[in-house]
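Visitor: Provided herewith is a single structure, encoded as structure tokens, for subsequent inquiry.
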Amino acid sequence: MRPQWLFTPGPVPMSEDTRQILGAQTPYFRTPEFSQVVLECERLLVALVGAPSGSRAVFLTASGTAAMEAGVINLLGSTDSALVVNGGSFGQRFCDICRCHGIPHRELRLSGSDPVPYPGTGARALLLNGHETSTGRCYDLDESGAYCRRHGMLHLVDAISLFVTDELNMASQAIDVLVLSSHKGLALAPGLAMVVLAPTALAVLKERVPSFYLDFHPYLNDGIRGQTPFTPAVGILLALLQRLRQIHAEGVSVHIDKARALAAHFRAGIRGLPLRLHASPAPNAMTALERTDGGDARDLVVALKQRHGLVLTPNGGALAARVFRVSHMGEQRHDRLAALLVALHAYFNNPR
């Protein structure tokens, strides 16, 4: 089988240190030693996302979607209301979660680079994806945070493909609930989701939650002693600790600058090709591209994988034939990016 290199927005290329931790024997976890791992992960994570003093983090053995659902159902119920920014499949996921749990909600539907049509009247909470990964659109969290402040709303943000690659600060952006996952900017394996709760969210958690596994109360109680109520993703938490220590030591800005430089280099390298950004502003984390030559984006994705072992991400639904995505997250390397640019130019018969 041809060696492959991932340019997918999750999973992303992992470091050798991470792979070694994930490949080791899983230790028993109901111990004081593992409790210290969880406690340090919480302390570092809360600090790195700029959470206000008194914030807490919950660690779920689950996908990012479970964390999205948990954030919604622990804060909202059938007597509340939500505004949902729906600019793609992950915005639609918030709508589907609200619909599943009978939470009244209003969609702020948009496409491409349309401005968010914030209404003059608010709701109990605003739900949005800081980066809509399906379209490559990055939302202005300062704008959404200011809107929530003006209307006294909770601000719930899915930052799964934003953390470590783009600017994020819970305090300055008035974020009450932040949803994260392990396999994108953090460059770990899938299976660990995190929810960071500001004091404003902790103060209004629902007493009764329509889920046994996703109820935050047991997690918060057990988290005081560095444990979880159910079996945690032990290996991923150990890798998370190593990764958070690295980011903390080097500074989040270093990692953001790296992703920004990779994105800028790639976007400069495709000039002259029949490609354009599908939406803007685009994040550092990823570039979503639309073919302008009438060709099928799926054909390009298949060709680059078969000919060069370069794995890009196709889109689904209505965008399947038009859009593909290139990630700049994780342990991306300039030599791999250079190989991708050469392959793209060759595909379009445009010699460099």
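Using N, Cα and C of the backbone, Cβ positions are placed for all residues, glycine too.
Keep in mind that TrEMBL annotations are predicted by a computer and have not been checked by a curator.
Marked as domain 'Aminotransferase class V' by TrEMBL: 122-311. The N6-(pyridoxal phosphate)lysine annotation in TrEMBL covers Lys184. According to TrEMBL, the substrate binding site annotation covers Arg325.
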Visitor: Just to confirm: which same-chain residues, 6+ apart in sequence, have a Cβ under 8 Å from the Cβ of Lys184 (N6-(pyridoxal phosphate)lysine)?
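Guide: Same-chain residues close to Lys184 (N6-(pyridoxal phosphate)lysine) (Cβ under 8 Å, separated by 6 or more) are Pro9, Gly10, Val12, Ile160, Ser161, Phe163, Ala285, Met329, Gly330.
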Visitor: Far apart in sequence but close in space: which same-chain residues, 6 or more away, have a Cβ under 8 Å from the residue listed as 'substrate binding site'?
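Guide: Long-range Cβ contacts: Thr8, Pro9, Thr133, Gly136, Met286, Thr287, Ala288, Leu289, Leu312, Thr313, Pro314, Asn315.
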Visitor: Looking only at DSSP and grouping its letters into three states, which state does Lys184 (N6-(pyridoxal phosphate)lysine) belong to?
Guide: coil
